[in-house]
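Student: Dumping what TrEMBL says about this protein:
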DOMAIN    39-288  domain 'G-protein coupled receptors family 1 profile'
TRANSMEM  24-46  transmembrane segment
TRANSMEM  58-79  transmembrane segment
TRANSMEM  99-118  transmembrane segment
TRANSMEM  138-156  transmembrane segment
TRANSMEM  198-224  transmembrane segment
TRANSMEM  236-259  transmembrane segment
TRANSMEM  271-290  transmembrane segment
Amino acid sequence: MVNHSSPVGFLLLGFSEHPRLEKILFVVVLCSYLITLLGNTLILLLSTLDPRLHSPMYFFLSNLSFLDLCFTTTCVPQMLVNLWGPTKTISFLGCSVQLFIFLSLGTTECILLTVMAFDRYVAVCQPLHYATIIHPRLCWQLAAVAWIIGLVESVVQTPSTLRLPFCPHHQVDNFVCEVPALIRLSCGDTTYNEIQMAVASVFILVVPLSLILVSYGAIARAVLRIKSAKGRRKAFGTCSSHLIVVTLFYSSVIAVYLQPKNPYAQERSKFFGLFYAVGTPTLNPLIYTLRNKEVKRAFRRLLGKEVEPN
């Protein structure tokens, strides 16, 4: 049987077959969310208030922090409700909004990480021309392109996904409303949606990741040409945080969106999806703050614990 009308709501199954695991995940997700809020808000404050962080790198980082705040707030509160109690429903409108924002911000992050890789490429490979190439106007244009592409992708893919003929049970085998899970819920022909998702995956995942790898290939060659060990460490230090973030983000997203169709892969994708939605936004500020001396100094200046040199 197929329901051709808009459903009243959906049942987000998540990890409901493992009640004990749900309680553990509730604590983990709640702590992660609090760290995400604190860490990303701190980066936004430091990037705004400290003049020494008014540079392209921290401009893009503040965009990433704002995106992560919005991204987690879209899904984590609903996830916490579902993990804690027996009620695991979400309205059709709530699912639609969550899907739209989830798609838009996820796409934006893919493009934004590519832009940040380009910024690091210019910083390492063209250091003398960095200020000329990565000027403030270009920074705003690149950031705007990332956000607009995310919005366009969501405007295109969300309606076609929500128009699918869903099965009457309305049970989404996931903890959030996302495209792969809603396609699996359909009892009708999903060929068009699967082709659409495959094409989007190529342009939004494969192409940006390829550009990032090319950028880091050029960065690696430039670093190896530096004669002093200190210079190599400094050059690598400017890129290492971003490279770790890219690895964590893309490995989890690819595991969710480019997975084979089998029950084991489907169950495994839920854990990767949880890490993609909760883990990476939590780790991003930790990676950028714990490994970055400039951010640490800015934080000490904000607290008034670092004396400015005369």
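Heads up, the Cβ atoms here are built off N, Cα and C, so glycines get one too.
Note that this is a predicted model, so its numbers are computed, not measured.
Show me how these features fit into the structure around them.
Tutor: Under 8 Å from some Cβ of the transmembrane segment (58-79) lie the Cβ atoms of residues 12, 14, 29, 33, 36-37, 39-41, 43-44, 46-48, 90, 94, 98, 101-102, 105-106, 108-109, 112-113, 115-116, 119, 136, 139, 142-143, 146, 175-176, 277-278, 280-281, 284-285, 288, all in the same chain and six or more residues away from its ends.
Same-chain residues lying 6+ beyond the ends of the transmembrane segment (236-259) with a Cβ under 8 Å from its Cβ atoms: 57, 106, 109-110, 113, 116-117, 120, 123-124, 178-180, 197, 201, 205, 209, 212, 216, 219, 223, 265-266, 268-269, 272-273, 275-276, 279-280, 283-284, 287-288, 291-292.
Outside the transmembrane segment (271-290) by six or more residues, the chain places 25, 29, 32-33, 35-36, 38-40, 42-43, 61, 64-65, 68-69, 71-72, 75-76, 79, 174-176, 178, 241, 244-245, 248-249, 252-253, 255-256, 296, 299 with a CB less than 8 A from a CB of the stretch.
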Student: Report, as numbers and ranges, every residue of the chain located at least six residues beyond the transmembrane segment (24-46) whose Cβ falls under 8 Å of a Cβ in that stretch; write 'none' if there are none.
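Tutor: Distal contacts: 15, 53, 58, 61-62, 65-66, 68-69, 72, 76, 79-80, 83-84, 274, 278-279, 281-282, 284-286, 288-289, 295, 298-299, 302.
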